[in-house]
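**Student:** Okay, here's the structure, questions in a sec.
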Amino acid sequence: MRRKLAAGNWKMNGTGAALDALEAIAGAHSAAAVDLLICPPATLLYRAAQVAEGSRVRIGGQDCHAVTAGAHTGDISAMMLADAGASAVILGHSERRADHGETDAQVCDKARAALEAGLIAIICIGETLAQREAGQTLDVVCAQLAGSVPDGIDGTRVVVAYEPVWAIGTGLVPTLEQIAEVHDTLRQQLIGRFGSETAEAIRLLYGGSVKPGNAAEIFAVSNVDGALVGGASLTAADFSPIVSALEQAAG
């Protein structure tokens, strides 16, 4: 049985004062029946890990380099994230793909490095609005899945997050039927590539304007194992109801 996961991506938000929100989230879910992850900016990662120590909340990074060390100014390796207290890392987010031109092959290399460093790799995929309107959604996400997920994986260490680019931060959300179609297709693609045992261990998250008001209905969709939450993860007031909805879905 896959354990549900509520992951918060703080993106480029938060200074030291934001750790109060992390403390509040941890305090509100001291006996959480689902996995909790907060991915703060790199500048807060070590301090966030200290705040979260002893709680049910784990801390993750928002990106990593594909190599361990070297002349890569401004980059952070997976080993560095782990050393700072991270247990997971988000990879291939659409904002990274758009702002930094990251390719599926680069995301795959980063995922391999993350897994080798002992981190859980959260690999993001998703179509643009133009691709959705052109009827290309399944082709796009299946190609991203094939190109971004490494071979030879332990399914318990890999998470795939479906985030339609057009739904991120816009308030727009796909229909429940559209979410189900993508998640069911991704599961079948994973089974075809890795076999049932590995594929059924991989958690599939939905991301894109997840809020307290729509979380419960999204979590009721088949093959949705949780959420990768953006802006709504910045405060306990918004994130806690999402976590509670996921706990209800987990039974």
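Each residue, glycine too, has its Cβ placed from N, Cα and C.
Dumping what Swiss-Prot says about this protein:
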ACT_SITE  His93  active site, electrophile
ACT_SITE  Glu163  active site, proton acceptor
BINDING   Asn9, Trp10, Lys11, Gly169, Ser209, Gly230, Gly231  substrate binding site
**Student:** Give the three-state DSSP assignment (helix, strand or coil) for Asn9 (substrate binding site).
**Tutor:** strand
**Student:** Give me the CA-CA distance between Ser209 (substrate binding site) and the residue listed as 'active site, electrophile', in Å, as a whole number.
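**Tutor:** Distance (Cα to Cα, whole Å): 14 Å.
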**Student:** Can you give me the same-chain residues 6 or more apart in sequence from Lys11 (substrate binding site) with a CB-CB distance under 8 Å?
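**Tutor:** Once residues fewer than 6 apart are set aside, Lys11 (substrate binding site) is near Pro41, Gln62, Glu95, Gly230.
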**Student:** Of all the Cα pairs drawn from Asn9, Trp10, Lys11, Gly169, Ser209, Gly230, Gly231, the residues the record ties to substrate, which distance is largest, in Å?
**Tutor:** 14
**Student:** Based on DSSP, name the secondary structure state of Gly169 (substrate binding site): helix, strand or coil.
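**Tutor:** The three-state answer is coil.
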**Student:** So which one is it: of the binding-site residues Asn9, Ser209, which has the fewest other Cβ atoms within 10 Å?
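**Tutor:** Minimum Cβ neighbour count within 10 Å, taken over the binding-site residues Asn9, Ser209, occurs at Ser209.
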**Student:** When a 10 Å sphere is centred on the Cβ of Trp10 (substrate binding site), how many other Cβ atoms does it contain?
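**Tutor:** Result for Trp10 (substrate binding site): 21 other Cβ atoms within 10 Å.
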**Student:** Among the recorded positions listed here (Asn9, His93, Gly169, Gly231), which has the Cα closest to the Cα of the residue listed as 'active site, proton acceptor'?
**Tutor:** His93
**Student:** I'd like the number of other C-beta atoms within 10 A of the C-beta of the residue listed as 'active site, proton acceptor', please.
**Tutor:** 26
**Student:** Please report the DSSP secondary structure of Ser209 (substrate binding site), reduced to three states.
**Tutor:** coil
**Student:** If you count the other Cβ atoms within 10 Å of each Cβ, which of the recorded positions His93, Gly230 comes out on top?
**Tutor:** His93
**Student:** Quiz question: given the binding-site residues Gly169, Gly231, which has the greatest number of C-beta atoms lying within 10 angstroms of its own C-beta?
**Tutor:** Gly231
**Student:** Can you grab the distance from the residue listed as 'active site, electrophile' over to Asn9 (substrate binding site)? Cα atoms, rounded to a whole Å.
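**Tutor:** A Cα-Cα distance of 10 Å.
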